[in-house]
Amino acid sequence: MSDSEESPQQVGSPDYHSENHTAAQTCGWTANALRGEGKCYKNIYYGIESHRCIQMTPVVRCNERCVFCWRDHQGHAYEMDDVEWDNPEAVVDASIELQKKLLSGFGGNEKVPREAFDEAMEPRHVAISLDGEPTLYPYLPELIDAFHDRNITTFLVSNGTRPEMLADCDPTQLYVSVDAPERHTFDQVVKAMEDDAWDNLLETMDILAEKDETRTVLRTTLVKGENMHHPDWYAGFYQQADPDFVELKAYMHVGHSRGRLDRSSMPDHDEVVDFAESIAEYMPDFTECKDVPASRVALLSKTRDTWVPKLKKDSEFWAQDSVAGD
């Protein structure tokens, strides 16, 4: 992929590297973790080691134009006829190499312990969530398997518009965005490019309910004045998918979203927690509510133990780690 006029502007960022249709970017929490300045809320909730996590996407194109998205919508045309798709192994190779290039400068940073840097050079997690809609990559199930074959856990984030693809995907954890409780708000906030996007999202809820081995998460970006209403409707929507967890996170007034929304659209942490608790009132099985103020995020769960089992510190996954293991 070239940095052409048709490319999203973030592609030109120095912390955003790409190879053909695969792209990776240094997550702020990865940098923080390397410097000992805190870890992502996904570490607190699920056990992900932030400094060993690749943030990538197999496709930078998207079929939605969410008003809260920090990304540049320019160049996100989703017609795929002109794309020459790399095979999954090539995408895995590219993701790892891009991550190493992005983090290479930390090796000379006096704030970064050598042990942490060495671990970061051997990633153990991948968040398939950077940009675009991953389910538009035609070999996504095989890509997930390819990461697993290299002992890298997978955290897939999707907008739910390709239920047939998600039915075939079994990542370590599957996130689907639910950013509206009904069709009108969906049209106003998500601005999908396809007429059947809402119906496909509903079908995806049924797909998630059928997942037995894959952990499922519904995630909602909360925008004041836009989609923070009808908590009972959200609860009904969520329960259709029978998820393991529900994440509610504040919209952040950053990036290109600043040209679409005012700063007042950003809820504070207390507002996020209050809205999460109002939803939980209609979901009696979700008795736990965890929150991380630094990320303005709340998690609804059926159990207090929310970590991915294989990511617990005494697991075989870490015991066999080439850097940190025995």
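Note: Cβ is positioned from N, Cα and C throughout, glycine not excepted.
Going by what TrEMBL states, the [4Fe-4S] cluster 1 site holds Cys27, Cys40, and the candidate of Cys53, Cys62 recorded there is Cys53. Spacing of Cys40 ([4Fe-4S] cluster 1 binding site) relative to Cys62 ([4Fe-4S] cluster 2 binding site) is 25 Å (Cα to Cα, whole number). The two recorded residues Cys66 ([4Fe-4S] cluster 2 binding site) and Cys27 ([4Fe-4S] cluster 1 binding site) have their Cα atoms spaced 21 Å from each other. A gap of 16 Å separates the Cα atoms of Cys69 ([4Fe-4S] cluster 2 binding site) and Cys27 ([4Fe-4S] cluster 1 binding site).
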